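Undergrad: This is the structure I have questions about; it appears just below.
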Amino acid sequence: MKVVLIVCLVWVMAMMELVSCECWSQADCSDGHCCAGSSFSKNCRPYGGDGEQCEPRNKYEVYSTGCPCEENLMCSVINRCQSA
């Protein structure tokens, strides 16, 4: 019984952590993060580092597969961050 209780407690804590990262807009995310994902499941994600997946910045700040790159990096045509 104790094991079931511990497993349930860990599961609830994990779900709370996932929910706390959800976002509706860029304003919901901290510095260095963007709001990205599908219409039904957006999460705050870190800006892309060198070689990581990215999406070019856009005026609407709407991203589906990844965030823009960190400063001094640009998003290449293959959606990977690289030196500008």
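Any Cβ shown, glycine's included, is placed from N, Cα and C.
Swiss-Prot lists these features:
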- CYS23-CYS35: disulfide bond (DISULFID)
- CYS29-CYS44: disulfide bond (DISULFID)
- CYS34-CYS67: disulfide bond (DISULFID)
- CYS54-CYS75: disulfide bond (DISULFID)
- CYS69-CYS81: disulfide bond (DISULFID)
- 1-21: signal peptide (SIGNAL)
Undergrad: Kindly assign CYS75 (disulfide bond) to one of the three DSSP-derived states: helix, strand or coil.
TA: strand
Undergrad: Measure the Cβ-based neighbour count of CYS69 (disulfide bond), defined as the other Cβ atoms within 10 Å of its Cβ.
TA: 25
Undergrad: Reduced to three states, what secondary structure does DSSP give CYS29 (disulfide bond)?
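TA: Its secondary structure by DSSP: coil.
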Undergrad: Express the distance between the Cα positions of CYS54 (disulfide bond) and CYS81 (disulfide bond) as a whole number of Å.
TA: 6
Undergrad: Write down the Cα-Cα distance for CYS44 (disulfide bond) and CYS34 (disulfide bond), rounded and given in Å.
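TA: So the Cα of CYS44 (disulfide bond) lies 5 Å away from that of CYS34 (disulfide bond).
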Undergrad: Same chain only, sequence gap of 6 or more: which residues have a CB within under 8 Å of the CB of CYS44 (disulfide bond)?
TA: CYS21, GLU22, CYS23, ASP28, CYS29, SER30, HIS33, CYS34, CYS35
Undergrad: Measure from the Cβ of CYS35 (disulfide bond) and count the other Cβ atoms within 10 Å, all protein chains considered.
TA: 21
Undergrad: Cβ distance under 8 Å to CYS81 (disulfide bond), same chain, sequence separation 6 or more: which residues?
TA: GLY48, GLY49, ASP50, GLY51, GLU52, GLN53, CYS54, CYS69, GLU70, LEU73, MET74, CYS75
Undergrad: Inside 10 Å of the Cβ of CYS67 (disulfide bond), count up the other Cβ atoms and send me the figure.
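TA: There are 26 such Cβ atoms around CYS67 (disulfide bond).
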Undergrad: With H, G and I counted as helix, E and B as strand and the rest as coil, say where DSSP puts CYS23 (disulfide bond).
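TA: DSSP assigns CYS23 (disulfide bond) to coil.
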